[in-house]
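Visitor: Mind having a look at this structure? Questions to follow.
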Amino acid sequence: MKKYTLKRIITSLFTLLAILLVLFILMQLMPGSPFNDEKLTPEMRASLYAKYGLDQPIYVQFFRYVTNMLRGDFGVSYNISKNTPISQLIQSRLPISIRVGGMAVTLGAIVGLVLGIIAALKRDTIFDTLATIISVIGVSVPSYVIALALSYTFGFKLKWFPMLFSAKDVFGSSVLPSISLSMFTMASIARFTRSEMIEVLDSDYMLLAESKGISGPALIFRHALRNALIPIITVLAPLIVDLMTGSLVVEKIFAIPGVGSLLVTAIQSNDYNVVISLSFIYSAMYIGIMLVVDLLYGIIDPRIRLAKGDD
C-alpha cells in the first residue's frame, strides 16, 4: 500500500507541475496585456512590466512563481484589485463558493442516490420512468437555464427567496443557486446509481445472498449499494470540485462573490496572475480529490492496487 500511495502522490505532483507550465505558456500566447489602459504611455507600460517581472524570460517567471507558491505567495492582482495579494482575494471568496457548492453537493448526492435506488428497485415501472425523465432533464438542461428559471419563478414572481446573493441572508440567498448547481450532479448520480445497482442486483453473488435468506434493507444497503459505490464515487469526485469552486455562470446570475465570478472578471480584465492562480487551484483540488478517491479504491478493493503493480 505504501508503494502504491507513493507512486500516486509523485504522479500527481508531476501532473500539477505540468499543468502550471502549460498555464504559463498559454498566458504568454494570449492576445492583449494586463496593462491595456489607454492612459498608459509606452514608458509607463514598460515600467509596469519590469516592476512585476513580466519582461523576464518565461522560464525565469515560472521558476519564481513556483518558488513563491511553495511559500504560499501567489503574487498580486494587476487589475481587479491592484497590488492586493491574490491569496487575500481567494480567502475572501472561496468560503462563499464552498458554502454554496457544499449545499449543492449534499442535495445532489442525496436526491440522486435516492432516485437511482428507487429506479433500480422499481425498474420498468412508473417510478423508473419518472426518475429517468428527471435525470435526462438534469443532464440536458444547462445550469444557467435552470438558474434563470428558478430566479424568475421563486425570486421575482413568488418572492420566496432572494434573487441575488445577500450577506444578510446567506442561507436563503444560497438556496436557488444551490438547487441550480445540484441538478446535474443529481442527474448524474441517479443514472449511475441505477445502472450500477441493476448490475449488482443481477449478479451471481446477490442471487447467492438471497438464497441464504438475506433480504430487505440488509440485502439492498449492506450488499447491493456497497458494491455499487465505487463507480458512483468516481462520478461524484470531479463534480465536487466543480461545485465547491463555484459555477462561473451561476455565480454571475445570482451575483455571488465567489471564486467563479472572480475568475470571469480576471479573464475579462486580462489579470493573468489571478487566472493562473485560480486555474492552478482548481487543478490542484481536482487532482487532490481524485488522488484521495484512487487511494480509497486501493483500501476498499486491494485488487485495484495489485493490478497496478503494488504488493
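Cβ atoms are placed via backbone N, Cα and C, with glycine included.
Automatic, uncurated: that is what TrEMBL annotation is.
Features from TrEMBL:
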- 94-297: domain 'ABC transmembrane type-1' (DOMAIN)
- 12-30: transmembrane segment (TRANSMEM)
- 96-118: transmembrane segment (TRANSMEM)
- 130-150: transmembrane segment (TRANSMEM)
- 170-190: transmembrane segment (TRANSMEM)
- 228-254: transmembrane segment (TRANSMEM)
- 274-300: transmembrane segment (TRANSMEM)
Visitor: With pairs fewer than 6 apart in sequence excluded, do the transmembrane segment (12-30) and the transmembrane segment (274-300) have three or more C-beta pairs that lie under 8 Å?
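Guide: The transmembrane segment (12-30) and the transmembrane segment (274-300): touching, yes.
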Visitor: Are the transmembrane segment (130-150) and the transmembrane segment (96-118) near each other by the rule of at least 3 C-beta pairs under 8 angstroms (pairs 6 or more apart)?
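Guide: When sequence-distant Cβ pairs are counted, the transmembrane segment (130-150) touches the transmembrane segment (96-118), since at least 3 lie under 8 Å.
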